[in-house]
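According to Swiss-Prot, the protein has these features:
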type     : residues      : note
DISULFID : Cys235-Cys237 : disulfide bond
DISULFID : Cys268-Cys271 : disulfide bond
Amino acid sequence: MDKIIKSIAQSGAFRAYVLDSTETVALAQEKHNTLSSSTVALGRTLIANQILAANQKGDSKITVKVIGDSSFGHIISVADTKGHVKGYIQNTGVDIKKTETGEVLVGPFMGNGHFVTIIDYGTGNPYTSTTPLITGEIGEDFAYYLTESEQTPSAIGLNVLLDENDKVKVAGGFMVQVLPEASEEEIARYEKRLQEMPAISHLLASKNHVDALLEAIYGDEPYKRLSEEPLSFQCDCSRERFEAALMTLPKADLQAMIDEDKGAEIVCQFCGTKYQFNESDLEAIISDKA
């Protein structure tokens, strides 16, 4: 089961979130039938949103959009504070040549664009923030967002590793943030440790990558685990929701679906689930609109 572990240095100088998101990204790949590069780009976006959602309280909904002018198109993810995330990538078929080490490149092909976040607190006034893509690698772009929009300097690492068949082998990441209590000496020590950390891909390839990430972040510094919470890919779409959407269409449009298509098929963008509405279903909707 996927999980996020929240921890804090015993000194109170900084905190860290460490994630195992392997099942989340694997299910997203299965749902959308994504090829290698699309899988990694979508996976990184999902992991970034899992981190962002874990930082919120209440019943907030968090939307992350990675909008570039590349062949990936838009990448959209929606998460809640209960560990659920869903998402899709506009172009599922991007399969760019890997590096010599087998890693999939994303940044060089993302193009210019923006990292957009929308946090809906349920009050009717969602908070929206837009920052430019810095590298297109998504992790660095997320870190830049946290620094610029939330005024919280953060170290972010996230990645998706694929096997020889381009299926998700492991996915996960981390976030480290300095807290106000940190002294200059503690900040300097923290920055030095981060600079010396192995690459995120190397840590994810470890036998137990969650422990490997924590060890790399804290080193010999004492810390305590605050919580361990489950994560999952979960879509909240339903037939009732799409039926309500059909109710908003003009009667003429619904009648055209009956006359021309003998019904309607609606496919959820986030999970690929198909919902069929036959002629009788559409006629009932028209009748309810009367």
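Yeah, the Cβs are placed from backbone N, Cα and C, and that goes for glycine too.
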Euclidean distance between Cα atoms of Cys235 (disulfide bond) and Cys271 (disulfide bond), Å: 6
Distance, Cys237 (disulfide bond) to Cys268 (disulfide bond) (CA atoms, angstrom): 7
Set of same-chain residues at least 6 away whose C-beta sits under 8 angstroms from Cys235 (disulfide bond): Lys86, Cys268, Phe270, Cys271, Thr273
Other C-beta atoms that fall within 10 angstroms of the C-beta of Cys268 (disulfide bond): 18
Count of other CB atoms lying within 10 Å of the CB belonging to Cys237 (disulfide bond): 17
Local backbone state of Cys235 (disulfide bond), from DSSP in three classes: coil
DSSP three-state assignment for Cys268 (disulfide bond): coil
